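One structure is given below, encoded as structure tokens.
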Amino acid sequence: MCVVVPLQEALLCQRCSGRIITMAPSTKVLDGGWGWAIVVASFMAQLLAYGSPQSVGVLYPEWLHAFQEGKGTTAWVGSLVAGVGLVASPVCSACVDNFGARPVTIFSGVMVAGGLMLSAFAPNVQFLIFSYGIVVGLGCGLVYAATLTITCQYFDKRRGLALGIVTTGTSVGAFIYATAQNELIVLYGLNGCLLIIGALALNIMACAGFMRPLYMPRYYLKQKAALERDTEEQLFEKPQTNELNTTTGSTSTSPEKTLTAKELLITIHTKDLAIQTEKQKGSFLSGLAIMKVIKKKQQAYSRYMHSMYEILQDQAMVAFCFAVFLFSLGAFPPVLFIEDVAQSEGLIEGVSVIPLVSIGAIATCVGKLVLGILVDIRWINSIYLYAFTMFAGGVVLLLLPITKTYMGLQILSALLGFFSGNWSLTSYITTKIVGLDRLTQAHGILMFFGGLGIMLGPPIVGWFFDWTQSYDLAFYFSGSCVLLGGFILSVLTLPCWNRKPSENHRPEVNYTSNCDKVASVA
């Protein structure tokens, strides 16, 4: 008699005659059907979560007026809400991996809505940094990881299209919320606006209801293993190398050869310690079993750290990390300060029908799509395309201080938003540099640098204004950072540096092997 149990890396796991045979999920559930409901739900979840944080530039002048703090201190609110989710992306991905997309999305809806509503009662900027910057920022990071993971699970051949539709939810949300928040502030004030926006964010939990899982999360597997351990001790044990059968139609392979460093860390779980010590309880061999498991864990972590070290030894990868850091440091502050620039320069009175933040958000959406199409052209080098967007973005930033008309700011906001769409190229370039096997670790490092730049950029620009009482020097600094990043990336990736031969060939980027990689790329 066969016992069927769901596993995370295979939809069905059948135990027959003491052996475990894994079978791949049916292809009938992929690339259509309920998957399009997942796409719509994920799109709406990102729209509701990122709408206010992506248009935080509309709220920034109101906070300056309400709390009468320096622009550098107040800027921490907008920088943290955008950067915390990126820096904490490995933690967010681990939560989705262990608990599933639906519970994580529900919890993130509570965090985003709760943080927005708490911000309405903030007595000072320090409280606002916690409630809006950290709580809402972490909630957005959880939403992003959960929505991309569940979309990856439901799509294979059309995964790129599905992910493209889902990720545009952030830009569409910024466009809608920028105008909506302006109107709500006029009608109900700043606190009333935050309460209404927070109430709308509760609908993220409704979006989670559509996220029917295809794979059993690891947390539930642990609970099931604990319940069935008495009757089926061997059911959840890892099979030996010679007993492992892969998906039907494929050949048997050794786990030591196929597992990456990150996957090896995941497979070595504390349940090994519990199983071995339970079997050898009361015997002198229990101590040896504990030492064996600890040694196995140490070996896995050493392999993981060695893999990280090898990634950072790649000159092109280091140059790309610096480029992303400098671009984030220089290009993100205008998103936060552009509305205040227009008001402080007297270029607009009152509230604009279409804020500058909305113009930049739509331009970013267009930039993601256009740059994504250009990078698929075989004769276009993706690294140099990214460097070109940095040079162009740096020039736009240098033009901001000399622009004295509102129409000029609108044009520059659209151009800067378009070139900021180069974020859609990061996963592709990372894969080209380090390969698909190391994409998870390398992109995690890259997002850390990007998040660090986003968190530091607005406070630095705000401090420049507090020091000089003008944005001119601040934007010159931002433009110089972006141009420096483009120069570093262009020079350090020249062919004369004798890069590896495999890096000169265009790889076939195919994100179908592991959904965890797409979650980490988020």
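Backbone N, Cα and C atoms are what each Cβ position is placed from, and that goes for glycine too.
The compositional bias 'Polar residues' annotation in TrEMBL covers 239-255.
Per TrEMBL, domain 'Major facilitator superfamily (MFS) profile' is recorded for 38-497.
Here TrEMBL flags 236-255 as region 'Disordered'.
Summarising the annotation, TrEMBL assigns transmembrane segment to 33-53 (among others). Listed as Cβ neighbours of the transmembrane segment (33-53) (distance under 8 Å, sequence separation of 6 or more from its ends, same chain) are residues 59, 78, 81-82, 105, 108-109, 112, 116, 136-137, 139-140, 143-144, 146-148, 150-151, 154-155, 162, 165-170, 172-174, 176-177, 180-181, 197, 200-201, 203-204, 207-212.
Same-chain residues lying 6 or more positions outside the transmembrane segment (73-92) and placing a CB less than 8 Å from one of its CB atoms are 53-54, 56-57, 60, 63-64, 67, 104, 125, 128-129, 132-134, 136-138, 140-142, 144-146, 332-333, 335-337, 444, 447-448, 450-459, 461-462, 520, 522. For 73-92 (among others), the entry in TrEMBL reads transmembrane segment.
Tertiary neighbourhood of the transmembrane segment (104-122): same-chain residues 45, 48-49, 52, 92, 95-96, 128, 131-132, 134-136, 138-140, 142-143, 145-147, 190-192, 194-195, 197-199, 201-205, 207-208, 211, selected by CB-CB distance under 8 Å and a gap of 6+ residues from either end. Sequence annotations record features per position, and here TrEMBL assigns transmembrane segment to 104-122 (among others).
Annotation comment: TrEMBL describes 128-148 (among others) as transmembrane segment.
Beyond the ends of the transmembrane segment (160-179), by six or more residues, the same chain brings 35, 39, 42-52, 54-55, 57-58, 147-148, 151-152, 154, 197, 353-355, 357-358, 360-362, 364-365, 368-369, 372, 424, 511, 518 to within a C-beta distance below 8 angstroms of the stretch. Among the features that TrEMBL reports, transmembrane segment is placed at 160-179 (among others).
What TrEMBL lists as transmembrane segment is 185-211 (among others).
Sequence annotations record features per position, and here TrEMBL assigns transmembrane segment to 316-338 (among others).
Beyond the transmembrane segment (350-371), the same-chain residues lying 6 or more positions past its ends with a Cβ under 8 Å from any Cβ of the stretch are 54-55, 57-58, 164, 167-168, 171-172, 174-176, 178-179, 182-183, 185-186, 334-335, 338-339, 342, 385, 389, 409-410, 413-425. Summarising the annotation, TrEMBL assigns transmembrane segment to 350-371 (among others).
Residues or ranges marked as transmembrane segment by TrEMBL: 383-403 (among others).
According to TrEMBL, the feature transmembrane segment maps to 409-430 (among others).
Feature annotation from TrEMBL assigns transmembrane segment to 442-461 (among others).
The transmembrane segment annotation in TrEMBL covers 473-497 (among others).
Within the chain, the transmembrane segment (383-403) has long-range Cβ neighbours (under 8 A, six or more residues past its boundaries) at 316, 320, 323, 327, 330-331, 334, 341, 371, 374-375, 409, 412, 415-416, 419-422, 425, 429, 432, 471-472, 475-476, 478-483, 485-486, 489-490, 493. Listed as Cβ neighbours of the transmembrane segment (316-338) (distance under 8 Å, sequence separation of 6 or more from its ends, same chain) are residues 54, 56-57, 60, 71, 75, 78-79, 82, 356-357, 360, 383, 386-387, 390, 393-394, 397, 400, 409, 413, 416, 419-420, 422, 426, 429-430, 433-434, 442, 445-446, 449-454, 456-458, 460-462, 471, 474-475, 477-482, 484-486, 488-489, 491-493, 499, 503.
For the domain 'Major facilitator superfamily (MFS) profile' (38-497), the model's pLDDT averages out at 80.
A Cβ distance under 8 Å defines the sequence-distant neighbours of the transmembrane segment (442-461), meaning residues of its chain 6+ beyond its ends; these are 71-73, 75-76, 78-80, 82-87, 89-90, 308, 311-312, 317, 320-322, 324-333, 336-337, 426-427, 430, 433-434, 471, 474-475, 477-478, 520-521.
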